[in-house]
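J.: Handing you this structure, nothing more for now.
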């Protein structure tokens, strides 16, 4: 019975969690214990959710497993990995205690988000219904054990969080802040799965919503500290001001939040515009469409040029307008950065034109065509990461903003680009995308960008920033191509992943690392990556790619990055 519950995806995730917990120092014992309890709780919730139809009300992506364990534990595990890395930096006096303690607070906020969502799912799964009678008759003791685990996890985590801290400001204030983020995560995931039905699995939604809550909770904390510093406890104020934040990260944070909140602003603006023009253009549909488009682009420009820069200048000291700062930054090294831009444009133009033509006229499976874009990501990002990492940080932010704008235009069919963008994007979709929301290009971009963004500052593991490029651009691509052409032995009876493909993916990443490490040594990086830890990281991420039914672009880079940081 126990072995039947431990499927391939869960077994691989155990292989991921064990070295993470083993590597945690005694100073992080509280966080490691809480992560263990969270993992057990998530596993029980996933087992019950997949053995009943109690979560059918959420209308998740068809054909995918719930992914609750993977979605609930990946982000807290990533935080633990970063804490382990920063604990080494703290012992070497490379960072201050404020930065370490703030990341510890971020871990507990992440834990609260995931635990709160799991708790809400648990009450849905275990509430009295026809399904629970069948479940209880088979394994009533497991239900009682799960409820006991829920209570134990909540109690122990509260005690650990309230007592394990090296900063002295009021524990109740910290606890309230963490609980608010947990409540926000529950509300946001409900909004996501109902607004975008059949677009994501529960695990994918949990990962995205927890990440957004933490990311913009940090943004709210910065804003409140800067604007109402007199209301903030002095220890919290010192903690916030002790965190080193780059100008580029502030720009990216502001633009992304502005674009995510833009639909709300546009709807309000559109209602006002329609109220003023309803009497004049009530029967002229063409004029209405043009008017909506003008309103859309004007509102977008107002958000990006006026509102977002105001926030940036509030939290960061800019001598000039932030958009002008970006222009000055690009032209500060014109030969290198403009040449890189020209190279990127050329690669994108040639690749998109070629692959779009192939997708329209060829019978090649779309999953293989999409892997060519993974190779394109390697060609674009690998040279930039080695020679222009700061500029690549900014470029990722610009690309993410562009993707968000195009997706909003596509979803709302904004004239004149909406239908054209929709037709173009449909040429590259597969079963994991829906007509309502296309997420694959976002996951590829963020899968490559997040390890690079998270590695800014102290990083004693030179391969960690390359986690996304190596795992997606090389490993995932080689696994798909070799498995499709030469694969015979399948990992499972129902899946398509093959042993040959997985072996090719793992081997190709190891080969790329053997070439990359000496190259990094010539650019000033210090070799601190042990081959045993590298082998474990590559193997676990390769096996996860073979077994997971989730959107692997979202999970594999984070798992690979977490193991590389140990």
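Cβ atoms are placed via backbone N, Cα and C, with glycine included.
So TrEMBL has the following annotated:
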- 12-45: transmembrane segment (TRANSMEM)
- 66-85: transmembrane segment (TRANSMEM)
- 105-125: transmembrane segment (TRANSMEM)
- 145-163: transmembrane segment (TRANSMEM)
- 205-227: transmembrane segment (TRANSMEM)
- 247-273: transmembrane segment (TRANSMEM)
- 294-314: transmembrane segment (TRANSMEM)
- 334-352: transmembrane segment (TRANSMEM)
- 372-388: transmembrane segment (TRANSMEM)
- 394-415: transmembrane segment (TRANSMEM)
- 436-456: transmembrane segment (TRANSMEM)
- 462-482: transmembrane segment (TRANSMEM)
J.: So if I exclude everything within five residues of the ends of the transmembrane segment (66-85), which remaining residues of that chain have a CB under 8 angstroms from its CBs? That is, six or more out.
T.: 9-10, 13, 16-17, 20, 23-25, 28, 31-32, 35, 38-39, 42-43, 45-46, 49-50, 55, 60, 100, 103-104, 106-107, 110-111, 113-114, 117-118, 121, 201-207, 210-211, 214, 454, 458-461, 548-550, 555, 558-559, 561-563, 565-566
J.: Give me the stretch from 12-45, 205-227, 372-388, 462-482 with the greatest number of Cβ pairs under 8 Å to the transmembrane segment (436-456).
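T.: Maximum Cβ contact count belongs to 462-482.
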J.: For the transmembrane segment (394-415), could you work out the same-chain residues 6 or more beyond its ends whose Cβ comes under 8 Å from its Cβ atoms?
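T.: Same-chain residues near the transmembrane segment (394-415) but 6 or more away: 248, 251-252, 255-256, 259-260, 262-263, 289-290, 292-293, 296, 300, 326, 329-330, 344, 384, 421-422, 425, 436-438, 441-442, 445-446, 448-449, 452-453.
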J.: At least three Cβ pairs under 8 Å linking the transmembrane segment (205-227) and the transmembrane segment (12-45), pairs spaced 6 or more in sequence?
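T.: Between the transmembrane segment (12-45) and the transmembrane segment (205-227), which are separate recorded stretches, there is no contact, as judged by 3 or more close Cβ pairs.
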